[in-house]
Amino acid sequence: MATVTEVLTEPFTAQGVTLKSGPIKVHQEELPAVELSDIPLPPPSKEPTEVLSIDKPTPDYHVPRDPRLIRLTGVHPFNVEPPLTALYDEGFLTSPELFYVRNHGPVPLVKDEDIPNWEISIEGLVEKPLVLNFRDILQQYDQITAPITLVCAGNRRKEQNVVRKTKGFSWGSAGLSTALWTGPMMADILRSAKPLRKAKYVCMEGADKLPNGYYGTSIKLNWAMDPNRGIMLAHKMNGEDLRPDHGRPLRAVVPGQIGGRSVKWLKKLILTDAPSDNWYHIYDNRVLPTMVSPEMSSSDPNWWRDDRYAIYDLNVNSSVVYPEHKEVLDLASAGPSYNVKGYAYAGGGRRITRVEISLDKGKSWRLANISYAEDKYRDFEGDLFGGRVHMSWRETCFCWCFWSLDIAIPELENTDAILVRAMDEALALQPRDMYWSVLGMMNNPWFRVTITKENGTLRFEHPTDPTGPGGWMERVKKAGGDLVNGYWGERQAGEEPTEPEPEKEINMKKEGVNRIIDLQEFKKNSSDEKPWFIVNGEVYDGTAFLEGHPGGAQSIISSAGIDVSEEFLAIHTQTAKAMMPDYHIGTMDKASLEALKNDNAPQSDEPRATFLQSKSWTKATLVKRTDVSWDTRIFTFQLQHDKQTLGLPIGQHLMIKVADPTSKEAIIRSYTPISDTNQEGTMDLLVKIYFDTPTVKGGKMTMALEKLALGSEIDCKGPTGRFEYLGNGKILVSGKERHVSSFKMICGGTGITPIFQVLRAVMQDKQDPTSCVVLDGNRQEEDILCRADLDAYEALDSKKCKVVHTLTKAPDSWTGRRGRISEDLLKEHAIPDGKSMVLICGPEAMEKSARKILLEQGWAESDLHFF
């Protein structure tokens, strides 16, 4: 990233074309009070250079992307939002790699050499129709640079989908991003064509060819010509040429309106006397009246053709970012207050004038502090990224703002929810209740974060989780709460619980795929390189997901050539199931399915040297149970014979299948034994039992294990996992070998088990020079697991092994560290050096916190491994 001075002084070009504004100039003499460093500049950006394996088989095979983005519609088309906290933590401006994306279809392939001659036409009701190429646009028109927030009309739609399924796919609350856009004003382009008097609308059309034609929409001509509206064409974002997903090489940017009006890959501006008749303008981006059901909208197209229901300006909206969804606040280590913070925005250039927070269900409100970073550009006059920043005269607001408020911890303890609402300068206020509509767009009720008190902590929950099931709305609905009763589903006195709607079965088949596959073809195409597998009689090709699978390629390879219905359905989320149509290739005929069952039956009862098999389950018998503490056990299982070893590579895990004691349904989870990999005849599992509490249901698997009688059998299968330690600093990650000189091991609770496996392998080999630092976080001293072994390894060689324990509820006699695994602790013991790897396993909140801190400290994503 260039320094501030470099950004503001070097000449700028776009794809080799020099901009009209020429060399960059800064007019400091007019604004003596403004320092260059006061202007928000883009965050550090690292453009992806490799196409993700998940995209290689798709029409977007040419588009490198950031793997952190959350895919909302499976593999293709590409519709994503960034993780909410990552988006917020980047600051006012968003890097291109984290900028949200809404694509209706394939991204047009635009080669570098074609860009200077990229053409757009200005036609329709004009006196002088024009065709301009990219060079013309850069060289013949004044260039401006302005900060603008784009927001998808579907932002927060998942909340509507929980209440009642809409026709739109689910978005969380991160469907927005902000950038510095550079290019000419649309008005200047249109004036060149001399619009006729009867022209009322500007219809825009992109180069993305879709099933119903090219994507197009329209805005009013008087908006495009109004300098206060700031509507422009852009060829740069944050000083970089547009990337493919964001409209390379040219797009429209319509501030204050929904993102769907900012057409990407722009090819046409057509002036008309009526709104666009493009299919995507009519059947998308509308808020139909709430009484219109999906069935009504499908049977009567007149609902869609009424332009009164079209969306243009954004409405007022806000969201909480901190506390995060699923964040857990330990009251023992918490400070006197918590800084609640988030974002807000409005539409049509209107300023957010207040953000209010309530802790008593809306009976009383307090004002949050608001930061308007956009205003800093109004005090600056100069050129930035090849465009003039000239906002001192303009009072319209086109960007999000950040808000915050310190709330005393006792106040959070005494409430069950945080409510947030915003108001703009037109006194438009976020409503308390949701306005459900058939497309689920413009969802903007008060943002509510629930607080659950349990075991000395406060657990926070957002309305939904964009990555899968979760959030207080789903929880309340499953418990029989009526989410539209005006009380967020809370039952009032005398109110009976409602019967929750049956959960809709997710379709895992690709529409239009009618191919019948027999056993011979299935076996022929079921290899490590091309793993075909079966779920519920349907055939899937997992090749494209070998590299991207969170459990490692082996998880898919182990499924090759077999029916994995039971384990797939038991362990995969709704999000994972929704991805399956992208890999669906056909249906297996019934005769072949029956033959496959027999084909996959165990072939031999001959004793094996190793216990685990990657493609079939093997039974182990519970022979011993040792209580480590009131809620932690070591379960010892007998293998098939006394000389048999487990066969689990160091750093990997195995799947365990147990029948639910009540429903008898299979429960499948992954575990890492604490027994030595060379131990013969038995294996030991260290398990923390999650018992039922008055507010939280206990862990299904751990409760099932707790109820196992001696002599009971479990099923085991494996190995699985992306990581393997080979010894002497050599590791395999997703099949790729590398060398490290040290491990920084971060764990909490039973997350010690995979960490312990690697540590033991290093310490047992006296010739292994790899050093290890273990940061082990727990609540109380009795919760520290494997402590005797950890202390013994440190005593054996303190230079090779260092163990740091930290407790959140330490007794007065405790002489070790106190508190959570914090930023200070990681700065002290986990400094990035380019030769180390961080291994992490523990509660989700701990893992998320550690990941955020480590990335901020300079660790690369590829140097972090989460078990």
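Any Cβ shown, glycine's included, is placed from N, Cα and C.
Swiss-Prot has this to say about the protein:
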- 38-58: region 'Disordered' (REGION)
- Cys152: Mo-molybdopterin binding site (BINDING)
- 514-589: domain 'Cytochrome b5 heme-binding' (DOMAIN)
- His549, His572: heme binding site (BINDING)
- 615-726: domain 'FAD-binding FR-type' (DOMAIN)
- Arg669, Ser670, Tyr671, Thr672, Leu686, Val687, Lys688, Ile689, Tyr690, Phe691, Lys700, Met701, Thr702, Thr753: FAD binding site (BINDING)
- Met837, Val838, Leu839, Ile840, Cys841, Gly842, Pro843, Glu844, Ala845, Met846: NADP(+) binding site (BINDING)
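What Swiss-Prot annotates, mapped onto the structure for a quick look.
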residue	record	Cβ contacts under 8 Å, 6 or more apart
Tyr671	FAD binding site	His653, Leu654, Ile656, Leu685, Val687, Thr753
Leu686	FAD binding site	Val628, Thr632, Arg633, Ile634, Pro673, Ile674, Thr750, Ile752, Thr753, Leu785, Cys786
Lys700	FAD binding site	Asp660, Ile667
Thr702	FAD binding site	Val687, Lys688, Ile689, Tyr690
Met837	NADP(+) binding site	Ile731, Val740, Ser742, Phe743, Lys744, Asp863, Leu864, His865
Leu839	NADP(+) binding site	Phe723, Phe743, Lys744, Met745, Ile746, Pro754, Ile755, Val758, His865, Phe867
Cys841	NADP(+) binding site	Ile746, Cys747, Gly748, Gly751, Ile752, Thr753, Pro754, Ile755, Glu847, Phe866, Phe867
Pro843	NADP(+) binding site	Val328, Gly748, Gly749, Gly751
Ala845	NADP(+) binding site	Lys326, Glu327, Val328
Simplified DSSP label at Leu839 (NADP(+) binding site) comes out strand
Which state, by DSSP, holds Ala845 (NADP(+) binding site): helix, strand or coil? helix
Listed in sequence order, residues with CB under 8 A of Cys152 (Mo-molybdopterin binding site) and six or more positions away: Glu81, Tyr100, Arg102, Trp171, Gly175, Leu176, Ile258, Gly259, Gly260
Hey, what's the Cβ neighbour count for Tyr690 (FAD binding site) at 10 Å? 16
Neighbour count, 10 Å Cβ-Cβ cut-off, for Arg669 (FAD binding site): what number do you get? 18
Taking the residues Arg669, Ser670, Tyr671, Thr672, Leu686, Val687, Lys688, Ile689, Tyr690, Phe691, Lys700, Met701, Thr702, Thr753, which the record names as binding FAD, find the longest CA to CA distance and state it in Å to the nearest whole number. 21
Per DSSP, the domain 'FAD-binding FR-type' (615-726) contains 7 helix, 53 strand, 52 coil
Please compute the mean pLDDT of the model over the domain 'Cytochrome b5 heme-binding' (514-589). 79
